[in-house]
Each structure stands twice: as C-alpha cells, then as structure tokens.
Amino acid sequence: MDRRHLSSTFVLLLFISFFSEVNTASFKIVNKCRHTIWPGFLSGANTAHLTTTGFVLKPGKSRTVTIPKSWSGRLWGRTLCGVDSSRKFVCQSGDCGSGQIECSGNGAKPPATLAEFTLNGAGGLDFYDVSLVDGYNLPMLIVVKGGKGGNCSATGCLLDLNGACPSELRVARQNGGGGVGCRSACEAFGDPEYCCSGAFGTPDVCRPSRYSLFFKHACPRAYSYAYDDTTSTYTCAGADYVIMFCPPPYTR
C-alpha cells in the first residue's frame, strides 16, 4: 500500500469517527435509589432503535447508553421486578409488558415518571422534559452535560410523591408495604376534563385540575398535564445527559 493510499484511508477513518461522534449523544443512567431499578426505553415513531431497551441497574450503579442524534423517545424506571409463576419478567411499577428485561418496543404501564427527549429537533435543538402526565413512580432528574443555546437547565421531580399521593390516585404495592405509584387523574377516572380530550381538547379549555396541581406544586419543573408546555419543556444543543433516579437527598 503506497503512502497516498494510507493517507486517504486515515482521512476517511478520521471523518467517519468525527461524523459518528457528532451524530450521537450519551445518556448516563444513574441509580441513586436504595433498591434496584430496571430502566426501560421506548423509541418514538420513525426514529432509530437503540441497542438496548431495558436493563437492570443496582443501587449506586450507572450505565451509559449511546443515543443517535436524531432520536426521540422516552425512558423510565421499573421497580419491584422479578419472574412470575409463568416465567415471565414482570414489575409492580413501570412494567412494559414484554415479559422480559428488554422492553422491545413496549412503553411503560402508567403510572410512571417519564424522561422525554427529541434530539436535534427544530433549530437543531434538543427538547427534553420530565413528565408526570402518565403519573409518577420514582423521583427523577435530568442534568445537561455540555451543550449550548436554548435553556440547558436541569429538570425533574425530586420528591417522593408516593406517600403523599391522594388516596384515589394511589397504587399500592402487592402484598402491602406502601404505595408504588401515583396515577394521573386522566388514567384514574378517564374524564375528558382531566385527559384534555373531546370538548376539553384545546389549551384554552383544558385547565389545571386540583390533581395536576398536586404534581405541579411538588415538582414545578415537571409536566403536570397535557398543556403544561411553557414551564416544563427545556432545550439545548449538542449536549450529553445524565438521568438520575432518586437524586440525593431524596433517596428511597
């Protein structure tokens, strides 16, 4: 191989490496809870699939997942998981119904705290939020690493809401032992007024309810109902992200 061919090969490899780097982001998933969790991922429609859609994460451990820059989707934490009598993998909160640790294209069964992302969206910005629209099961925090433009602020829900959850929304742990989730009013009652559907399907008509305000007062930066965009959506460009479950001092 002559020197010119070696040089062109090196340039090509350098270009591929650079192209790959700028077209991916890293999500560092951190478990600060005192118990094991099982993070799950769901990719949005017409977006790239990830190399993993679910895994186990012991207390104090972390795992970094490489995310395509065009990716949109959500992630959440599952708790109290194990194998049932039919040998299927199931969880008491956040279960994705796949019957295994990998969620394989299935989303979380409400209630579940969700981290939602659209990377490299309008204007080249990443859009991200923590949503309680589908209810709550774990404290969660998104922290931005690097990035520029937009409002690259941390967001999340730091408090443990399971104990304070209104009784009509509370999901109890199987075989007793306290709550494992707090449902949204939409999921609990199915009322269009709470779901922002039907005659309540516009932001002018669908207003915060006393139930969504419970979530909003506890977690001001998190989505509390469908039209809570102005105080709950954050943007950044070219960033990596840390998604922390049970961020200190709110461990459980």
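Residue 1 is the first one shown; counting continues down the chain.
Using N, Cα and C of the backbone, Cβ positions are placed for all residues, glycine too.
Listed in TrEMBL for this protein:
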- C33-C246: disulfide bond (DISULFID)
- C81-C91: disulfide bond (DISULFID)
- C96-C103: disulfide bond (DISULFID)
- C152-C236: disulfide bond (DISULFID)
- C157-C219: disulfide bond (DISULFID)
- C165-C182: disulfide bond (DISULFID)
- C186-C195: disulfide bond (DISULFID)
- C196-C206: disulfide bond (DISULFID)
- 1-24: signal peptide (SIGNAL)
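What TrEMBL annotates, mapped onto the structure for a quick look.
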residue: C81; record: disulfide bond; contacts (Cβ under 8 Å, 6+ apart): T36, W38, F89, V90, C91, Q92, D95
residue: C103; record: disulfide bond; contacts (Cβ under 8 Å, 6+ apart): G40, F41, L42, T53, G54, C96
residue: C157; record: disulfide bond; contacts (Cβ under 8 Å, 6+ apart): T113, V130, L132, Y136, P139, M140, L141, F215, A218, C219, R221, A222
residue: C186; record: disulfide bond; contacts (Cβ under 8 Å, 6+ apart): V133, Y194, C195, C196
residue: C206; record: disulfide bond; contacts (Cβ under 8 Å, 6+ apart): E193, C196, F200, Y225, A226, Y227
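The number of other CB atoms found within 10 A of the CB of C91 (disulfide bond), across every protein chain shown, is 24. Compared over the disulfide-bonded residues C152, C165, C182, the count of CB atoms lying within 10 A of a residue's CB peaks at C182. Its own atom aside, the Cβ of C33 (disulfide bond) has 22 Cβ atoms within 10 angstroms in the protein chains shown.
For C246 (disulfide bond), the Cβ neighbour count at a 10 Å cut-off comes to 23, with all displayed protein chains included.
The most crowded of the disulfide-bonded residues listed here (C96, C195, C219) is C96, judged by how many other CB atoms sit within 10 Å of its own CB. Note: the CA-CA distance between C165 (disulfide bond) and C33 (disulfide bond) rounds to 19 Å.
There are 20 other Cβ atoms within 10 Å of the Cβ belonging to C196 (disulfide bond).
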